[in-house]
Amino acid sequence: MSIFFSYIYKHIFIRCFFISLLTLLIFFVLDFVISLITESSAFSMLQIQNTAIESFEVLLSYFEMIMLLSVLITLSIFKQANNIAILQSFGQSPLKISMIAAFAPLVLSFLFIGFSLLIPSNDVDTYPQWELEDQSISILQKDKVISIDFSSNKINKVLSTTPNDLSANTERFSVLQKMSSKTLSLPFATLALVLLASIFIYKHQRNFSLSQSIFFGIAAGFGYKLISDLFYLGFRSFDLNINLGIYIPPTIALCFSVFFFLRLSKP
């Protein structure tokens, strides 16, 4: 029987992985083609590269919802084939089944974090960011911060100058500093969202059709993303710890999902 379980779980993971990868590829190609046609005046290699980088960054923004959709499709296919019912009848918990399916998005999320380190930021490379604070100017370009100090005097004359060499004022970012906190939280947030949405695959199995399960799962995902964005904007607006605003919603969603699955496993 363990061989049968391994066979089913292997197929759940493989199918979920390829469905997730195919869905990501479709979204990337659609966004890339539409952006290239509507926003590009010339089809140079540089423009194509910049458009591809922008499409990848857009894909990161919708990564969690794409993974949610892929997992719901995978579990719905196995539910329709009665494989999930067979696994449950032999004592396999819904949490374990969903975790196997969620492992594929977790692998892809780590791969995407790795790719985001290799791909330069298109916005920063093309448009340097200038920040004025008190008596200094900071220029953010590529992976460097260039700081320039200046001072004013009452006679409005230049009192002294320094050589035009800013290399001494350059501060380099580490790998983690170049990545946003949202990108680093991608695996954890993806796991929380996928488990939350997969609840509807098992909840009221006799009353919910497959289309209804997918619909309610996607609706739960949109609700979670809305609350997550509100937390992030709220913590950012009130100058609180951004990491708390990022990690509180997925932590609550994950705890709720695990609690529900544990209740569902009880006879």
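Cβ coordinates are placed from backbone N, Cα and C, and glycine is handled just like the others.
In TrEMBL, annotation is done automatically, which means it is predicted and not curated.
Quantities reported herein were computed from a predicted structural model and do not represent experimental measurements.
With a threshold of 8 Å between CB atoms, the same-chain residues lying at least 6 positions outside the transmembrane segment (12-38) that come near it are 47-48, 51-52, 54-56, 58-59, 62-63, 66-67, 69-71, 73-75, 77-78, 97, 100-101, 103-105, 107-108. The transmembrane segment annotation in TrEMBL covers 12-38 (among others).
Annotated transmembrane segment per TrEMBL: 58-78 (among others), in sequence order. Within the chain, the transmembrane segment (58-78) has long-range Cβ neighbours (under 8 A, six or more residues past its boundaries) at 8, 11-12, 15-16, 19-20, 23-24, 27-28, 31, 84, 97-98, 101-102, 104-105, 108-109, 112, 116, 183, 186, 189-190, 193-194, 197-198, 201, 210, 213-214, 217-218, 221-222, 225.
Residues annotated as transmembrane segment in TrEMBL: 99-119 (among others). When Cβ-Cβ distances below 8 Å are used as the criterion, the transmembrane segment (99-119) is approached by residues 9, 12-13, 16-17, 20-21, 24, 53, 56, 59-60, 63, 67, 70-71, 74-75, 175, 178-179, 183-184, 186-187, 190-191, 194-195, 198 of the same chain, each at least six residues removed from its ends.
Under 8 Å from some Cβ of the transmembrane segment (184-202) lie the Cβ atoms of residues 60, 63-65, 67-68, 71-72, 75-76, 79, 84, 94-95, 98-99, 101-102, 105-106, 109-110, 112-113, 176, 208, 212-214, 216-218, 220-221, 224-225, 228, 246-247, 249-251, 253-254, 256-258, 260-261, 264, all in the same chain and six or more residues away from its ends. Taken from TrEMBL, the feature transmembrane segment applies to 184-202 (among others).
Here the transmembrane segment (214-234) has Cβ contacts under 8 Å with residues 64-65, 68-69, 72-73, 76, 182, 189, 192-193, 196-201, 208, 240, 242, 245-246, 248-250, 253 of the same chain, all six or more residues outside its ends. For 214-234 (among others), the entry in TrEMBL reads transmembrane segment.
Beyond the transmembrane segment (246-264), the same-chain residues lying 6 or more positions past its ends with a Cβ under 8 Å from any Cβ of the stretch are 93-95, 98, 181-182, 185, 188-189, 191-193, 195-196, 198-199, 202-203, 224, 227-228, 231-232. The transmembrane segment annotation in TrEMBL covers 246-264 (among others).
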